[in-house]
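Structure first, commentary second.
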Amino acid sequence: ASKQSTCGYVCRICTNYTEKAPPLGLPDQFLYDTDSVASRSSGVFSGYDTLDTPPSYDFYSNTEIFGRAKKSRPSLFQLHSNPQDDPSPPPLYEESSVDKQSPDEDEPTEPPPEPARFGWAQGVMIRCMLNIWGVILYLRLPWITAQAGIGLTWIIILVSSSITGITGLSTSAIATNGKVKGGGTYFLISRSLGPELGGSIGLIFAFANAVAVAMHTVGFAETVQALMQERDVSMVDKLNDIRIIGVITVTCLLAISMAGMEWESKAQVLFFFVIMVSFASYIVGTIIPATPEKQAKGFFSYRADIFAENFVPGWRGLEGSFFGMFSIFFPSATGILAGANISGDLKDPNVAIPRGTMLAIFWTTISYLIISATIGSCVLRDASGYINDTVSSLSGECLGVGCNYGWNFTECMTNKTCPFGLSNYYQSMSLVSAFAPLISAGIFGATLSSALACLVSAPKVFQCLCKDKLYPGIGFFGKGYGKNNEPLRSYLLAYIIAICFILIAELNTIAPIISNFFLCSYALINFSCFHASITNSPGWRPTFRFYSKWLSLLGAVVSVIIMFLLTWWAALIAIACGHDIVCVLYISDVNWGSSMQASSYNMALSQCVGLNQVEDHIKNYRPQCLVLSGPPCMRPSLVDFISTFTKNHSLMICANVITGGPSPGSVDSAKISTHLKWLDKRRIKSFYHTVVADDLHVGVQMLLQSTGLGRMKPNVLVMGFKKNWRKAQPNNIENYIGILHDAFDLQYGACVLRMKEGLDISRTMQAHVDPEELMATSQPTTVFQTRQGKKTIDVYWLSDDGGLTLLLPYLLTRKKRWGRCKVRVFVGGEAQKVEDQKQELKALISRFRLGFQDVQVLPDINGKPQSEHIKRFEDLIAPYRVSSVQKDGQEADETTKDFSWMVSDEEMETFRAKSLRQIRLNEVIQDYSRDAALIIVTMPVGRRGACPSSLYMAWLEIVSRDLRPPVLLVRGNQENVLTMYCQ
């Protein structure tokens, strides 16, 4: 074979390509040349030059490493086609970065500057804690404790934290299902549930965060106004003072936000420190004995009878109810997504979001419980604040716990005019604190930090929404500026919305408004996690394992119920802004010709047609299998095995080719019905399709091109290994290999299953019995129907086919029968670099979130096979050798020239190295996988028209020969079916 590029062209992928090994008789170091093209590029295909490549990170990455050209996986066309048959240039599935840059362009000498990135503590935990510790903590939690009592307040806190905790678990699962980019909550939901729900919830969540800016700013302004009032300072009146202070404050926060994430993050750390100091001051203050001035205002330090009095509810006013208090408190638990909302600014969102979010929920819940219990144990509900209101100085009846400590607040309690106490004085934490100004500083830190976090979150979410162009006319707000791509226009929009709600200037009015919007957001986040889990999508592979789909569903249902219990009309508005979810329940297994059955048909038809508008996406890839089973009852092992990983989440079609041409009754509807009943009785969810053709090859060509409906069509061809191929007619071998060639030509993946005892059980039937009729009524047991126990699934991922070789064992381990099996991945390598290659492959596989931990590099894969095994292979192929024939030469005999199954001496030499590799691979498998439950091996690809069918068949034979476990030969179509990204 003359030296040329793989495809007949000199291109960037390879040059100097040949599959011809050195002549026999040369020393082994020439036969196993370590300086071959493949060796220089990969190091694992030493022995022959090939375009087939081992697994590589570059094939799955969307990003490029500065200063290094991105490698490209060869297409199936390049691997399989014969350049002499098709002179058209080969397509590439993945373009190299080399092509994207003109050679005349000046390449940058330095990498672009990295934007600011944050870890889990600063980027998520602190941010979430600051957003949770908002205005409600300081200004309303003592008041809620007075209204609901310590007992019910704890229930309110725990119910709120349960909802946010479940949502945190769901968020963590979604956030670890691939690499997360910017857009936060909107990005997570839209990429899980789709743009319909994602778009609506993104809009709701961005709006809720903008309103939350107003809530926290009003809390800050309320505190400043109270301090002004203590010093008899006023600008206009109480309400307008709050409005003026609020507008000035939110303007300052806008300036900090627009300065960039680095400044905003530094401000958050400062606020966190101030809040911690204020907490310490508060705890110390509860221990210090109360002065007479503080006792007059209701503070007596820790007292058992005060705790008992405040443990039970004391409802007052219009808001005096459990759900009234819940609606006011709940916004204080809603900052859990502050970290997820800046996912694009985190160093490692997959680690930072789960760890930071759950720790923030835990610590803030503890702080709420402690503050509620301590302040309820120290402060009375009502106090006058007058130093002379003592029992000794006042006559008459004395009411309340204060009487036990020498104080008589009966008059103001009776008249309901007490200015102090938990029920009347919002600044009770300042009263208790060892140094009151520190609590004021804490209020400033909590309110401003929460307002700042919301002011950053709302524009970031809205920017991502704008870039997806789901709503017309909002793209204007999506433009980013600076190295961090800051959405300055969205900042201004959030600023305007916040000012509109600041003008309300009433905290108890603003808080319930946003409660429903946050509950709606949490309901959809939980539902998206449940929905992704229940649909069994192969793309749903979160690395965060501590979640439950049923717990997520419970969180979604509870959130919706509480929405209606708080404010039913606001809940309806929130749901109307979201999306309508219609659940249709139906009963099966009866046939009454009912309208529901007609409706089911219409729905199925509508959904199938609707899929035509949906583009294929790696994340939703499913192996949809066309199984050449013949009558399914004849090959139950093949049918059972494929059903194991397609059941309930993928398409399976059992196909039967009836040879001999059309004839009356050749496609008997009664027989088809019998086979469908057999499948149903075996609980196999599969279609059954029959075609009539002159021979098997033509029939399979028909199936490959016509089977399926719209997007519901097969993408993987599955067939059994032709065990008796050496006894078969040569044209049967040609047809069998031709089926594989046709599958590759039509961009199918291909799987060949081989079992030691064979697949076709019809041969066990007596000659006088129609095996098809007998087997259609029986249910033979196969190895794939039993639990596999703690065995191994050994995967020999020797060539990168797009990931199908890895995806299939992952799908198997999701089933109970295979769930306890350990997956071992074997890859080729070099003895000098075993550890480095192992770590590289483990890192790549971990990014796919498959859960495979055992990766082994096989440096001996490139060794020389044993001589007796080489001799056995030569004996295997000997009947198909034609020593005197050179197919491309003038000496070829006309009588043998058209027999493409014959193998000439020249072809044996050309493919000798590749043949030796298959022999060596079988030896390695024998050594490592004798006791495996299943062996999965990357199938070699032979070029159509260049590799004789008998030689290709011999490769498949020798790779899987003498192996006790079932062997599955797999070859994807060289397009990615695994992704490391969330989108």
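Don't overthink the numbers, they just go from 1 along the chain as shown.
Cβ from N, Cα, C; glycine included.
Positions annotated as domain 'Amino acid permease N-terminal' by TrEMBL: 35-105. Feature annotation from TrEMBL assigns region 'Disordered' to 77-116. Residues or ranges marked as domain 'Amino acid permease/ SLC12A' in TrEMBL: 123-626. TrEMBL lists 197-221, 242-261, 267-288, 322-340, 360-380, 488-504, 551-576 with the feature transmembrane segment. Residues or ranges marked as domain 'SLC12A transporter C-terminal' in TrEMBL: 635-773, 779-982.
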Mean of the pLDDT scores, which run from 0 to 100, over the domain 'SLC12A transporter C-terminal' (779-982): 85
Chain residues in Cβ proximity to the transmembrane segment (242-261) (below 8 Å; excluding those fewer than six residues from its ends, i.e. six or more beyond): 115-116, 213-214, 217-218, 220-222, 224-225, 235-236, 267, 342, 345, 448, 451-452, 455-456, 459, 482, 484, 486, 488, 491-492, 495, 498-499, 502-503, 505
Residue numbers, six or more beyond the limits of the transmembrane segment (488-504), whose CB comes under 8 Å of its CB atoms: 206-207, 209-211, 213-215, 217-218, 221, 243, 246-247, 250-251, 254, 257-258, 455, 458-460, 462-463, 466, 476-479, 481, 510, 513
Leading contact stretch, 267-288, 322-340, 551-576 vs the transmembrane segment (197-221) - CB distance under 8 Å: 322-340
